[in-house]
Amino acid sequence: MEIIMSVIIGFLFAGAVYLMLSRSLLRVIIGTGLLSHGAHLLILTMGGFGGDAPPVLTDGVTDFVDPLPQALILTAIVISFGVTAFFLVMAYRAYQELETDNMKLLKGNDEYD
Amino acid sequence: MINLLLFPVLIPFLTAMILMFFPKKVHAQRTVVIIGLAGSVAAAVWLLATVMTDGIQAVTLGSWPAPFGITMVSDPLSAGLVLTSNLITLFIAWYSFRSIGEGRERHFYYPAMMFMLTGINGAFTTGDIFNMFVFFEVLLMASYVLIVLGGEKRQLRESIKYILVNVISSAFFVTTVAMLYSVTGTLNMADISAKVSEIGQSGILTVIAVMLILVFGLKGAIFPLYFWLPGSYAAPPVPVLALFGALLTKVGVYSITRTVTLLLPNDPGFTHELLMVLAVLTIIAGCIGALAYFDLKQIIIYNIIIAVGVILFGVAQMNSAGLEGAVFYLIHDMLIKAALFMLIGVIIAVTGTSNLREMGGLMKTHPGLAWTWLIAAFGLAGIPPLSGFFGKLLIVEGAFEADNLWGGVIILASSLVVLLSVIRIFIHAFWGEPQPIAGVSAKVYRSLFIPAALLTAVTVFYGVGTEWLRPVMTDAAEILHEPSIYIDAVLKE
Amino acid sequence: MKNSDVIIQTTTKVVFFMIFLFSIHIFFAGHYTPGGGFVGGLLTASAIVLLLLAFDIQTVRKALPFNYTVIIAIGLLLALGTASASILFDVPFFTHAYDDFRLPLFGLTSLHSAMMFDLGVYLVVVGATMTIILSIGSDD
């Protein structure tokens, strides 16, 4: 199970890197989504799988899953939900204002050098 | 008061919530912000006094036993940093009244500022690595709002890159936490430290150490991860820039300091060598940038990068002189960077440009500004008895003690470059032929200049009062040097 | 953008209340089983989004005249207030209180102060989601 998960996480990271290197802003954002999914699955895998035991801790029960990774993932999911939503709003505003979603055209600094 | 150490985190949070009820009433917003920040500063002073008399304060949320719940820890270093952050935010909030513009004030400028302060204070106070991630996200979300607020084209363009870089580094943070959890089975930093010294530093821990440096280095802008900083920081208006420049990178630097000293003290051979080399490269890259630009904002922004290098170089020495110097220099740099950014804000307001070539002769029209700038510039470069001197002295002493002669020499040489870069601003902006200036009314000038000058006065006091502040810094450095004090304080029950 | 599809509008009028009630069920179910404030809040927000899809923004604004940023603030205050109550009793922050009560109509019920915290989370999620969706959607 750990090996399958590792491969899946690897694929997610690879896909995320591929998408983030593309020029379209929307694909970059989807890439960040994939990246955080990979990271969340990594927490789950690293916490150790407990089979089908419940994540409940009661006195006397010996067969349970460590509940902490799931709590961590829930927190991380909520955060990445918020950040992604904000990023999408930002990207949309930038697209309206700058009239492009091509990362190549978003380069440049109007500094005095 | 078992919850005292949470007050500097909770008061800004509460203030932010109250502010969200009436975003359009600008005067009420200003009043509430100042009251909230004053309360927060008072709580931070009280906290620092308590930490100095009673030792490290720790509370584990939800009455869980220590390694299982989320622990918040306040030692002299974090209490000092919390006090400094609150103080700087108070000055910048005051400075914002005349400079940020009513449009931004109506669109959640002050709540975003308060949320960011919540995140910063939380990140300084927390003793749990995952909770640190959460507080990082709080401060980053608020900083996303601040950097894009106003919605100018340049802000939108730069904030996309800023958000992207930080989202990626957050994903790396989660990955690192996952790996750390699988190796040690705990998230409490004191507990991790205790477990690491039991099992010894294996190869996987070195990988985790490098990933931690990568994650915090992206936020703290060390070489070669600082590439995003000059462009992004120059986009927002000056008060936001001052807030970012003074506080945000320092959170990254604090996190590197805390994790490297606490989690990985056993095998300094690789990680500390790496950190030192990166620190020196950071200083060199920052020096090149600081001399290359003719833009006021860019020069000071590159000075942030130099300071990050100097502080981390002190941390990498891993002896008490180097660590004490790093703590001294960290707080000095937060204060002086805020003061410098506020002062360049005044210069930009007076001249209407941030291009050095288009200004000159301000000495005749604004002598007070000129002398304040000179004092701040000397403080930045570390001329005794001003604030930057003692920290740098200790860092160089630490470098010589640890036989890193060349590193110490580079630090000293970088001081000269820093001095040159800020004196260049002095020469171009204040000397020379007076240029036609945009000008601001005397009232606006006063309300911009007074907070900036007062903060400069605080930095002067920080330099002159070194003797009184020394006990705090010595205690902070001792805890960084001897993690067992920290571990015992957290896992005491 | 005026949508005048009769089938969607009629279905929405019924389905909206079903989703909304289900979200409240999920919210309370979170006490012992999967569910809770975050999921419940997302479901409620999705019900409102369904309204937005079927009708237009003006109609929905008239039907649900809430200021969503104020809802976020109320939610945060509830959450922080619940957690801060522990300061008054000088126990560590976030310490919750709970007990079983015999209430009329419900019988033996377990009441937990974490419930108030979760209600805060629910309001924050609804407020934040709707703020984001409206800020994109109100441009058309």
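Quick reminder: no glycine exception, Cβ is built from N, Cα and C everywhere.
Marked as domain 'NADH:quinone oxidoreductase/Mrp antiporter transmembrane' by TrEMBL: B:127-414.
If you look up TrEMBL, you'll see B:6-22 (among others) marked as transmembrane segment.
Annotated transmembrane segment per TrEMBL: B:34-56 (among others), in sequence order.
Annotation comment: TrEMBL describes B:76-95 (among others) as transmembrane segment. Same-chain neighbours of the transmembrane segment (B:76-95): 5, 8, 12, 30, 33-34, 37-38, 40-41, 44-45, 47-48, 51-52, 110, 113, 117, 120-121, 124-125, 239, 242-243, 246-247, 250, 254, 257-258, 327, 330-331, 334-335, 338, 342, 345, 448, 451-452, 454-455, 458, 472-473, 475-476, 479-480, counting only residues six or more beyond its ends whose CB sits under 8 Å from a CB of the stretch.
Positions annotated as transmembrane segment by TrEMBL: B:107-124 (among others). Here the transmembrane segment (B:107-124) has Cβ contacts under 8 Å with residues 8-9, 12-13, 15-17, 19-20, 23, 29-30, 32-33, 36-37, 40, 78, 81-82, 85-86, 89, 92-93, 96, 100, 131-132, 134-143, 145-146, 149, 243, 247-248, 251, 254-255 of the same chain, all six or more residues outside its ends.
The annotation transmembrane segment is assigned in TrEMBL to B:130-150 (among others).
A Cβ distance under 8 Å defines the sequence-distant neighbours of the transmembrane segment (B:162-183), meaning residues of its chain 6+ beyond its ends; these are 129-130, 133, 136-137, 140, 143-144, 147, 192, 202, 204-205, 207-208, 211-212, 214-215, 218-219, 228, 232. Positions annotated as transmembrane segment by TrEMBL: B:162-183 (among others).
The transmembrane segment feature in TrEMBL is assigned to B:203-227 (among others).
What TrEMBL lists as transmembrane segment is B:234-254 (among others).
Positions annotated as transmembrane segment by TrEMBL: B:274-293 (among others). With a threshold of 8 Å between CB atoms, the same-chain residues lying at least 6 positions outside the transmembrane segment (B:274-293) that come near it are 210, 213, 217, 221-224, 226, 230, 256, 260, 299, 301-310, 312-313, 315-317, 404, 407, 410-411, 414, 417-418, 420-421, 424.
Same-chain neighbours of the transmembrane segment (B:300-318): 220-223, 226, 229-230, 233-234, 241, 245, 249, 252-253, 256-257, 260-261, 265, 268, 272-273, 275-276, 278-287, 289-290, 292-293, 325-326, 329-330, 333, 337, 340-341, 344, 380, 391-392, 394-395, 398-399, 401-402, 404, 407, 411, 414, 417-418, 421-422, 480-481, counting only residues six or more beyond its ends whose CB sits under 8 Å from a CB of the stretch. The feature transmembrane segment is assigned by TrEMBL to B:300-318 (among others).
For the transmembrane segment (B:368-386), the residues of the chain that approach it from at least six positions outside its boundaries are 303, 332, 336, 339-340, 343, 346-347, 350, 362, 392-393, 415-416, 418-419, 422-423, 425-426, 429-430, 449, 452-453, 456, 459-460, 463-464, 466, judged by C-beta separation under 8 angstroms. The transmembrane segment feature in TrEMBL is assigned to B:368-386 (among others).
With a cut-off of 8 Å between Cβ atoms, the residues of this chain six or more beyond the transmembrane segment (B:406-427) that come close are 276, 279-280, 283-284, 286-287, 290-291, 296, 299-300, 302-303, 306, 309-310, 313, 340, 344, 356, 370, 373-374, 376-378, 380-383, 392, 395-396, 399-400. The transmembrane segment feature in TrEMBL is assigned to B:406-427 (among others).
Sequence-distant contacts of the transmembrane segment (B:130-150), counting only residues of its own chain at least 6 positions beyond either end whose CB sits under 8 Å from a CB of the stretch, comprise 70, 72, 101, 103-104, 107-109, 112-113, 115-116, 118-120, 122-123, 156, 158-159, 162-163, 166, 170, 173-174, 177, 187, 219, 232, 235-237, 240, 243-244, 248, 251, 255. Under 8 Å from some Cβ of the transmembrane segment (B:34-56) lie the Cβ atoms of residues 4-5, 7-8, 11-12, 14-15, 18, 73-76, 79-80, 82-83, 86-87, 89-90, 93-94, 114, 117, 121, 471-472, 475, 479, 485-486, 489-490, all in the same chain and six or more residues away from its ends.
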